[in-house]
């Protein structure tokens, strides 16, 4: 049949179908790309933020004898080539080329002779030292020599150290020190160097060369210091593992920019595989090669964070796809209804079933296929990797839509004469169907219960159970709604039958009888509202928890803290700064509890003033005028005696879980600032709209943070912002789809309704009554669905509560109590109802233009 | 001696062929029951009808008497529940869907009462006529055939116009052309003049008569229109799902039309007496029959003596 002619005839419906498909394909193909791009970005940031020593692959081996020593650079190079050869293919694109990597040989715990294990001077060699350091004093180390010491010939290494080592370890340029306790060597300090770029990730592997490691062994007052010196290539030839802890390392640096969130599980396996094959290269030595990297742990942590994001995204995107398909199918149904005359006639005049179904399918495909292609093409404007769903999404949309367009006419026109009795309500459902529905409802409830009872192991990756339960709950809610909503309606019908007005009775009766036609809108509206309310609640939960986390991090609108005391005049200047409303000085410190070694963190502050500047912030403190507030660990001690400048005896006035902005764990106390004889203020809590750089200028060397900047930092995370923006996009899209569904379901029933209204108008129904009739007819379905959808959306977060851990998007605070901010969900439901009413009015206004006779005659069958 | 299987088969087919013989349309004890929501409606209750090839027959009856159901059965759109329905030698009860499709494509054509229902509004008259030929994958001669038919029915001037631009009569004549497109042997028309004024009805009826005479097509018209029923050779009346009467028209010696109404005697000898006759003679429940040499007499039941 002439598809083009048909398309022109039903241009409006075809255009609606086109637009709906375009939007659906764009969303279904575009959103996953955007979210995946955010996942990649998050992984790259995670890898970039982690120290290189954790992310890079370090092949390590220790030398235990002269035979195992590597004395020349060439020996290092040949092994480096070997590591790169056996590197698993998954890791190759992620590792920087040889030029960016480096090799090292370092001794550890090499004591300076005679210091009694207090000073350690390790010998180190870096393959690219000449590129990494500048010699600021003396000269670069040269070849080693030998000397006699205690009757033996020992090597003399020429080395360089950092400036700090000279000061702290009492060394000087030109000095020769002996190292070792029985296997001695002499070390001559010939130069002092400085890192060309101390901030480079490179130095994460060699921080022992740049900085002294100080440690305080238990029970000792003084510090033990370690430094690693730098020797030359020639020095390497004399460096032996015999009698020393000598370790060789080959560093294969990771390129964070090349990381891909999709490959993470494969990467973990590849690292383990690399570790295994590296160990296999051990031939003829006592100590094996092994891999040192924190990459698998880092990736595992990332996966846990990712799987939560993916779960939420799968839920909302799946809901979006389902709703979009539902609305598109509703549009196809509208098109099929409009085609009904053509197809019936063609079928009666000798059209075969394939011809009839093919016509409907071809017309649908004409609208859907180009839209899907354009939507698919437009999705490439969204930055992000191409996932299978990007291709599959539009294909699913087209296949389902065209499939429905084929199946529906095929079933409808199986027998040529299909005089349907649409006014007859459907028969009582069969026992089998009721059993099945009850089974679905029971399974959904049991699933939700089990999910709550079991909780979720986020690090285990995707949990299909978590995805199935919301779907089952939605289906169960839809079944219950469809099955149960006619009952209260019939009650209203019975009540309205007694009333004098005819319109409520007629409208409600029609609503109660038109069940078969209203299944699809219910199936669309319910998940649409459910998912959008769910998305709104989750998004809202994340937002409020982010706010809470920001307050907990800072503890005040603005906080200025320093290591040393802030002078009184500086405080005064801060008070006079434009925008400052209130300044609360505080002193923090580490205090002695009782007379023993027990220590606690303490803050002395005017709690009342602090409470005043916190205002309506989601954090707070109990009031305190005298005495002390203690952490749970210091609970139950009655009067606490602390040593802070002077001995203070304070009665415990309360137990607090945390001091916002300061302490969250361990032992801490809050005391009124009045108890200090002369408080040394080192923290200012400020309220007001104030410029942070200005504050930093007024209080030199201070750390200035604001609640807003902390909030911005939390929200800046790519995962967090994508999760939130996707939730917002999906909410808006679903609301739009819900509205389209209402309008479409109005239009689908338009012809039939127009006939009824026209008929009733011949009996004396006024226009106003006709409008009320239409509204009453659709309102019960909209209202019931809106309420159930609202309940479902509000209930889902509670049902999935322990299963979805959103803490990584909210500054590591658990998004626990979803505050029931009913504004947005109620606005969605109310908007839906209003649009439905407006649609009904608009519909009656349009149908008024048609003459009664024409309406009553068209399609009237004998 | 017991008959052989082939003899039995031959006997069975012989007997079946006995009613109606090789007539074009044969309905024997046709039953159609509709079932909706557990409520059964018997639309046809054992209807008998025989129509010969090339006949022009009108079927009349009150609303709900089963005329449209009969037409739907004959057009292959509906399947009867029981009985025999044979058109052009094809059994309408045992047809496979493929046969049914072929039947609708090449054996039967039909016209509905609603002019709007017969034609697709966005196709021209010629395209509408070509549509059934396209559906049946007929060859390239479509266009010629369409124009031929439109000319035959006197609407060739409307070939390039769309249905909304045509008058009701023109639409129905184009609809007849559509029904004739695939050269069917039978045309069924359900109140084809129901929506038309008498003058236009005349044109439409003429078109049907033209098709009947010129093309030799059997035409069955369901109608209320006395104008139509008075102009056909035979009018079959249907009451309560059964054929109740037949009116035959013939030309008398002086050229005047003589219409004779007959009651229908079915295969098992049942007869429907017109209600006026029975009530006039107060016949109820029982009648007395008497066989005379050339007729059967029907008498009211005699008052029985009480001691009898």
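Glycine is treated like the rest: Cβ placed from N, Cα and C.
Check TrEMBL against the ranges A:312-335, A:552-575, A:576-599, A:600-623 and you find transmembrane segment recorded for A:312-335. The feature transmembrane segment, as given by TrEMBL for the ranges A:727-751, A:752-776, sits at A:727-751.
Of the listed segments A:356-377, A:488-509, A:642-663, A:664-685, TrEMBL assigns transmembrane segment to A:356-377. Between the transmembrane segment (A:389-413) and the transmembrane segment (A:312-335) there are at least 3 Cβ pairs closer than 8 Å, counting only pairs 6 or more residues apart in sequence, which means the two stretches are in contact. Highlighted: of the candidate stretches A:312-335, A:356-377, A:434-453, A:822-842, A:312-335 has the greatest count of Cβ pairs under 8 Å to the transmembrane segment (A:727-751). Within the model, the domain 'ABC3 transporter permease C-terminal' (A:729-838) shows a mean pLDDT value of 75, rounded to a whole number. For the transmembrane segment (A:434-453), same-chain residues at least 6 beyond its ends with a Cβ under 8 Å from one of its own Cβ atoms are 465-466, 468-469, 472-473, 475-476, 479-480, 483, 799-803. Ranked by number of Cβ pairs under 8 Å to the transmembrane segment (A:312-335), the listed stretches A:356-377, A:465-485, A:519-538, A:778-802, A:822-842 are led by A:519-538.
Residues 312, 315-316, 319-320, 322-323, 326-327, 329-330, 333, 470, 474, 477-478, 481-482, 727-728, 730-731, 734-735, 737-738, 741-742, 745, 781-782, 785-786, 788-790, 792-794, 796-797, 804, 806, 815, 818, 820-821, 824-825, 828-829, 832 of the same chain lie 6 or more positions beyond the ends of the transmembrane segment (A:519-538) yet place their CB under 8 Å from a CB of it. Secondary structure of the domain 'ABC3 transporter permease C-terminal' (A:729-838), assigned with DSSP and counted as helix (H, G, I), strand (E, B) and coil, comes to 89 helix, 0 strand, 21 coil.
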